[in-house]
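Asks: Can you read through this structure? Questions will come right after.
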Amino acid sequence: MLSRLLKCKIHRAVVTHAELHYEGSCAIDGVLMDLAGIREYEEIHVWNVTNGKRFTTYAIRGEDHSGIISVNGGAAHQAEVGDLVIIATFGDFTEVEANAHKPRLVYANPDNTVNHTANCIPVQVA
């Protein structure tokens, strides 16, 4: 049996473009994609921290070091320039793989440069 686990996420990136009439997808700065391990054309989940909307699309590579996070096509109705988003991917893992799995977590600065990376989410305390 396979378990679906968080593969990676880019946390608190800022939307730089919302292009309704561009072919659908989400363009992501190539440096962020590489650090997170997101492949071009991979399915991504986008969670808009600003407005609470969630949607699924696919990633396209943006220019390295550009800071671009461009929500395109119909998904542009779900985000505005300046919104904070979390971009995540999931993968299916065998039990052995799941036991050893550590997600790739990339934390973004407000200009979409990398603040830091991690491979676990801190324990939430009351």
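Backbone N, Cα and C atoms are what each Cβ position is placed from, and that goes for glycine too.
Copying in the features that Swiss-Prot gives for the protein in this structure:
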ACT_SITE  S25  active site, schiff-base intermediate with substrate
ACT_SITE  Y58  active site, proton donor
BINDING   T57, G73, G74, A75  substrate binding site
MOD_RES   S25  pyruvic acid (Ser)
Asks: So, in DSSP terms, is G74 (substrate binding site) helix, strand, or coil?
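Replies: The residue in question, G74 (substrate binding site), is helix (DSSP, three-state).
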Asks: Minimum Cβ neighbour count within 10 Å among the binding-site residues G73, G74: which residue?
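Replies: Lowest Cβ count within 10 Å among the binding-site residues (G73, G74) is G74.
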Asks: Specify all same-chain residues, apart from the site residues T57, G73, G74, A75, whose Cβ lies within 8 angstroms of the center of the Cβ atoms of the substrate site, ordered by sequence.
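Replies: So the additional residues around the site are G24, S25, C26, F55, V71, N72, A76, H77, Q78.
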Asks: Around the Cβ of Y58 (active site, proton donor), how many other Cβ atoms lie within 10 Å? Please give the count over every shown protein chain.
Replies: 14
Asks: Quick one: Cα separation, Y58 (active site, proton donor) versus G73 (substrate binding site), in Å?
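Replies: A Cα-Cα distance of 11 Å.
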